[in-house]
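Data block below; observations after.
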2 protein chains.
Amino acid sequence: MVKIAVYGYGNVGKAAIEAINAAPDLELAGVVSRSLEKGALGEIPIVRNIDELKGVQVAVLCIPSRQVPDVAEELLLKGISTVDCYDIHSQVYDLFTRLDAAAKKGGSVAVTSVGFDPGIDSAIRGLFEAAAPKGLTYTDFGPGLSMGHSVAVRAIPGVKDARSITIPVGSGLHRRMVYVELEEGADFNTVATQIKADPYFVHDETHVIQVDDVESITDVGHGVTITRKGASGSAHNQRFRFEMSIDNPAMTAQMMVSVARAAVKQAPGAYTMLHLPIIDLLYGSQEELIRRLV
Amino acid sequence: MVKIAVYGYGNVGKAAIEAINAAPDLELAGVVSRSLEKGALGEIPIVRNIDELKGVQVAVLCIPSRQVPDVAEELLLKGISTVDCYDIHSQVYDLFTRLDAAAKKGGSVAVTSVGFDPGIDSAIRGLFEAAAPKGLTYTDFGPGLSMGHSVAVRAIPGVKDARSITIPVGSGLHRRMVYVELEEGADFNTVATQIKADPYFVHDETHVIQVDDVESITDVGHGVTITRKGASGSAHNQRFRFEMSIDNPAMTAQMMVSVARAAVKQAPGAYTMLHLPIIDLLYGSQEELIRRLV
């Protein structure tokens with residue numbers, strides 16, 4: 001049994017607990033949360049500090065991306081392996097090198113940027129490129145809720161709550177449908193203009209719609225289509241397509257938990273979805289997995 | 001530069017040469033062929049025995065599946081790593097264990113069952129299962145030419161030449177459209193009855209069509225759709241889909257050549273597509289690949 005602690009108790013943390021409980025070879029050591037009251041999850045231990053839990057091998061970090069670097073580094077130096085869903089694409093490599101150093105020092109394993117995208121999408125893009133090294137890959141997200149864009153809108157003055165929905169328009173371009181609930185007295189046109197000028201939205205076709213109750217339109221489903229058209233050797237027009245339609249926090253949490261299983265099998269250092277043997281993510285004997293999946 | 005020998009000069013062997021020549025970090029050491037005349041490929045060395053080539057690190061085996069076990073084992077014991085496209089699914093695990101022993105003895109690496117299916121499809125099935133461990137995966141092949149089924153038909157008395165086309169009917173079931181060119185004097189109905197009773201066809205809806213010239217309908221394109229509907233933790237109805245439409249020998253050869261690059265980075269032993277880190281298949285520095293693909 002691999003002993004796993006879940007860090008954070010938002011949508012992803014809750015789903016990680018479900019994924020661990022559904023796996024025959026994984027054991028939930030407890031939940032690390034600053035806000036959750038003790039006893040709130042029945043017999044599952046809730047702690048403020050991971051040191052209160054015994055024998056944790058892997059911590060699954062279901063926390064905001066910005067908190068990941070410091071939290072992961074501290075755990076890795078303690079010898080506890082980590083899996084995170086860090087999703088700031090432009091910073092992944094810097095985080096990877098930082099966690100690699102910490103993991104090698106602590107004799108632990110860091111797997112970073114696991115989940116949807118980066119995550120399963122990263123592995124798919126890599127496989128497609130191995131099959132057709134020359135060509136173009138497009139990643140088209142949606143339709144679905146973008147957490148990052150929603151957070152950006154909520155930071156704009158006059159916005160009480162918001163959800164930004166990503167609509168794929170093809171070739172890696174996206175339309176943003178932004179549903180806002182306004183503070184009393186806020187001016188819709190002023191808010192809409194600010195949203196459209198925000199760096200998160202300025203390059204995309206963006207529509208802002210006022211609603212009375214953002215909660216009533218909330219659905220955490222999401223999707224993606226990845227297409228590659230390329231050449232294998234001298235054979236052109238090779239076509240590859242991946243589509244996924246999912247409960248996003250549940251898929252993200254499940255992939256992190258599958259990766260936690262793989263983490264304990266790797267040598268100390270940092271990894272991404274591109275670095276892990278797929279077989280290590282799966283439950284079962286090597287013989288059974290080869291016979292069934294290869 | 002990784003020095004690679006290509007074994008065999010059929011459709012897959014020819015495409016492997018193209019894939020090696022298109023890669024900046026791979027070098028073609030020569031072609032091992034029993035039938036090809038020396039000088040037939042210009043400056044590319046053609047040899048009867050791989051010992052005539054110097055410094056070969058990996059042999060890409062573009063030969064019939066039944067020849068793979070003996071040829072691969074001999075090379076592995078000599079310390080030459082191998083990549084094969086062995087496709088008899090029911091025997092993959094036995095071959096894996098046999099090659100694992102030989103590779104460990106020879107200090108070499110065997111990667112078995114690389115290409116289309118087994119191959120990229122095996123990796124996709126594994127990834128889908130990591131994202132949604134409970135559920136059903138269907139692999140639907142086609143439309144496209146099945147080499148194995150065509151060979152089976154050609155073995156039937158009265159058949160001069162044949163092509164068996166696989167048509168997907170969903171849920172992992174397939175229709176077989178068999179185009180036959182008959183020997184003079186052969187009776188069509190007798191041949192058709194024998195084809196339908198053959199173990200390759202007896203479980204599938206099979207149609208036999210007589211044609212004058214099988215060569216004129218030949219197209220080596222193929223395709224597949226892999227779908228999984230499953231549960232991530234307690235979230236059901238998670239949907240995953242992979243589609244590919246390709247020149248089959250070219251994709252198979254390209255994947256074998258990408259895997260040859262990975263082979264030299266692994267510890268001695270046997271591997272499948274489920275065992276290799278995807279990043280090892282790709283050309284480029286770790287930093288560039290992480291920044292671009294993760």
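The backbone N, Cα and C atoms fix where each Cβ goes, and this holds for glycine too.
What TrEMBL says about a protein is an automatic prediction, not a curated fact.
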TrEMBL substrate site partner of B:THR166, B:HIS222, B:ASN248, selected from B:ARG176, B:ARG228, B:ARG239, B:ARG241: B:ARG176
Spatial neighbour of B:CYS62 (NADP(+) binding site) that is closest, considering only the binding-site residues B:THR166, B:ARG176, B:HIS222, B:ASN248 and their CA atoms: B:ASN248
Of all listed binding-site residues, namely B:VAL114, B:PHE116, B:PRO118, B:HIS222, B:ASN248, those lying near chain A with CB under 8 A: B:PRO118
Other CB atoms within 10 A, centred on B:ASN11 (NADP(+) binding site): 17
Cβ neighbours within the same chain of B:PHE116 (NADP(+) binding site) - under 8 Å, at least six residues apart: B:HIS222, B:VAL224, B:MET244, B:ILE246, B:ASN248, B:MET251, B:THR252, B:MET255
Fewest-neighbour residue among binding-site residues, criterion Cβ within 10 Å, set B:CYS62, B:VAL114: B:CYS62
Distance in Å spanning the most remote Cα pair of B:TYR9, B:GLY10, B:ASN11, B:VAL12, B:CYS62, B:ILE63, B:PRO64, B:SER65, B:VAL114, B:GLY115, B:PHE116, B:ASP117, B:PRO118, given for NADP(+): 21
Those binding-site residues listed as B:THR166, B:ASN248, and which of them has the most Cβ atoms within 10 Å of its own Cβ: B:ASN248
